[in-house]
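Undergrad: Got a structure for you, questions after.
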């Protein structure tokens, strides 16, 4: 057994378990039907599928050796991870809208916008996953192979370019969110004639949280995306594994950042596992910009 394949399988198992719990909580709780939690559910579903894809890839690689199965598994992984990254972008857009259009956020237009974004994200992800299955692969042309077999160099270049574009959009939106948060803190300070320590701490915490979110996303995916562009299929496969494994960690961290920190989901977990809600534990309802 290749130790890297084992680590990917273990990573996939952890990803699947974490995100399956999030999906179960959101499906179990009728209160979690707002656009915010629809987006979190979409992210958890995509990461759940990605985790299952890693497990299936390990099983089929060592149990069932077939070109058709290999293509289907790779296409499944591409679609799942693409849906995960797209869902992260949708969550970022939702956060921006919740701050920029705070007065009109809770409207039917927002619900329609969220559903449209998710439909587009999953549609594009499915198309990207079908490309290698429909023939954009290097099974019959080894010279066209990329560092991720059986994907071609042009295929991984397209995927990497898409990631870079999404990363830049997220970076721009989070910078705008930081500006809005700082502007709100300044307006509150002007109304109260001074900037209290609590306002400073809250603003600093909000900016730090956004930096952690974007930094985690970039640190997980950027090495793999860059290597897909500059790497050569003749390089040792350990380079591919060493950059791909951290990318999978993003799907492992997502539930912690976007789900388990949310107090509404924490309350639903109490209900799901304990059968009743402990009234002595207080929860504060959060807005999308807090999630």
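Even glycines carry a Cβ here, placed using N, Cα and C.
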Undergrad: Scan 207-226, 267-286 against TrEMBL and say which stretch is down as transmembrane segment.
TA: 207-226
Undergrad: Would you confirm whether the transmembrane segment (36-64) and the transmembrane segment (238-260) meet the contact rule of 3 or more C-beta pairs below 8 angstroms, pairs 6 or more apart in sequence?
TA: yes
